[in-house]
């Protein structure tokens, strides 16, 4: 054991998504494109919410924070994965590996809690509409958003606390494109039963608690919506369906991965890519296409910054030609 501690590995080798050079070139182009879409799409939502006073409400403040978390969730590993498609060997330092584990659980944990906060916001708006302004004030909204980040950080620190001091003295090959905690723990030169159990209990408690709260919230909301048939309820159904789709996309892969946390199935890579790349792309699309307020605000934003800039540019061009 002492020898293992004195010769801790300096880096880990990531096997990536594929060993085929043809596929890696294709993935390089594909994920470059997707990552740009993630960043631009989610930042567009943030900019839209900031620039439109009508969207300065709890639901849209939380939506903009969800977009920020999605950008971070896609950024903790995707740029490194894109870089590795064209480089061999695919290595990451021990410190970089621990940083990836930390950031993943901060952003994923924060997003879980934020989705619960968004469900609570919809519950108050639909089930207690007359008291919405009193219950979901700016102070409460700020507290929920800040709380999601704080819980994410605390969850991540609890995961890292029993991982960073494990003796990694020999095996250093991770069969993934990033440092997956469930795979990294198994590389330790010691009995990993207790760390695996602690990790599973920690992540399981957070995931199951969040999922149950969401399930109860949306069940109550759906029952309430079914009992009413006004125009407001039609709008509520549209908003609610978008929330449920996002929750399903986020928790679906998580449930599968953590149902068999320490087994290395090929589908795990696909689900990890879906969680960190495709879900952050789909979130802004789902909320934008099903939300008239956001689409209207984006049209105003386009008119303000794009269309209004064209006449002035044309005028300057005419002056240059005349001169």
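Note that the numbers count up from 1, one per residue, in the order the chain is shown.
Backbone N, Cα and C define each Cβ position, glycine as well.
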Scan 270-289, 290-309 against TrEMBL and say which stretch is down as transmembrane segment.
270-289
Annotated range (TrEMBL: transmembrane segment) out of 2-24, 25-47:
25-47
Can you dig out which of the ranges 171-192, 237-258 TrEMBL describes as transmembrane segment?
237-258
Proximity verdict for the transmembrane segment (98-120) and the transmembrane segment (205-225), three or more C-beta pairs under 8 Å:
yes
Would you report the average pLDDT that the model assigns to the domain 'G-protein coupled receptors family 1 profile' (41-287)?
85
The transmembrane segment (270-289) touching the transmembrane segment (25-47) per 3+ Cβ pairs under 8 Å rule:
yes
Going along the chain, which residues at least six beyond the ends of the transmembrane segment (270-289) come within the CB cut-off of under 8 Å?
17, 31, 34-35, 37-38, 41-42, 44-45, 63, 66-67, 70-71, 73-74, 76-78, 108, 176-178, 180, 242, 245-246, 249-250, 253-254, 256-257, 295, 298
